[in-house]
């Protein structure tokens, strides 16, 4: 595939600031040294995702034994589960550099070309939201991933000439929340495809305790578990809540995070014991009060709540589905009896059977 390198600017996208329970990183978290300090830097320190860790450990040891770069890796799952962290850990374990970018930042061919030609042998290129790559950028990646070269067209019109650039062997780590949105040619070029799952409260408890130790904040095991239970199965949210509870403990108490302190701080943040915030409860309440629990079409639900469809599908729905508060049907979304009960309503008999939480057996 030949790509013409040209210059074309587009206005940046505008986005709403995430809430305390958003699984998207805030701008401060994206550039925070404190956030980096809380990341694990080795597979041994990485908590949870045991099957994934075993697969990656084998891949790392095999690549080192053959003195080859790692195979290309696709990570998929809800936001905030540690995809970027895994890419950085792989680079540390392999002793190479890791370049981090995202698909929206690679709109023009020269953007991806500039990254690829500057990679050293064995380096890792991490592309977040890889399902959003433009068609031209994606097609540039095909020969780069398979044969480590780029076919370019340099110049314009009569002065245009083809040029093939050889690349150093590298590892592409792609991350996506929508694996089904990837084209088959791109997905098939990844040698490893791994799914990240939501974390159990006990795993999040360990993450919170580790984070508190790094932040030099005393915390009881019960308080760490309480924060973990309200973190929507997501480490990013658990660490964000830890920081807010730490602030509360420092201002309102003696700096120690006990169970009572954690509960008081989380109530102040409107995070309920199930990990739902005001936006989640509003979404479910609209379905119950305005549409008798559903089914409700996603477009209708977005209009009624003032949220866009993508936010509902990628931010709210994964956790509500996982915890059994929401059900997708061919006719639309349905609030389950579990959601009715959580909000203090009595579900009608014709509603879907109640769904249990995957964490019920763990509490």
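Placement of Cβ uses the backbone N, Cα and C atoms for every residue, glycine included.
These figures come from a predicted structure and were not determined experimentally.
Cβ neighbours within 10 Å of residue 199 (ATP binding site), excluding its own Cβ and spanning all shown chains: 25. According to its DSSP assignment, residue 199 (ATP binding site) is coil. According to Swiss-Prot, the ATP binding site annotation covers 38, 39, 80, 83, 84, 85, 146, 147, 148, 189, 199, 236, on the basis of sequence analysis.
Annotation comment: Swiss-Prot describes 84 as Mg(2+) binding site, evidence class sequence analysis. A sphere of 10 angstroms centred on the C-beta of residue 84 (ATP binding site) encloses 21 other C-beta atoms.
Just so you know, the Cβ of residue 328 (DNA binding site) picks up 13 other Cβ atoms within 10 Å once every protein chain is counted. Summarising the annotation, Swiss-Prot assigns DNA binding site to 328, 333 and lists sequence analysis as the type of evidence.
Here Swiss-Prot flags 1-12 as compositional bias 'Polar residues'.
What Swiss-Prot records for 28-37 is compositional bias 'Basic and acidic residues'.
Per Swiss-Prot, region 'Disordered' is recorded for 1-37.
Here Swiss-Prot flags 14-199 as region 'Large ATPase domain (RuvB-L)'.
Residues annotated as region 'Small ATPAse domain (RuvB-S)' in Swiss-Prot: 200-270.
Residues annotated as region 'Head domain (RuvB-H)' in Swiss-Prot: 273-363.
Residue 146 (ATP binding site): 10 other CB atoms within 10 A of its CB, across all protein chains. Note: the Cα of residue 146 (ATP binding site) and the Cα of residue 328 (DNA binding site) are spaced 38 Å from each other. Per the record's binding annotation for ATP, residues 38, 39, 80, 83, 84, 85, 146, 147, 148, 189, 199, 236 show a top Cα-Cα distance of 37 Å. The two recorded residues, residue 80 (ATP binding site) and residue 328 (DNA binding site), have Cα atoms 23 Å apart.
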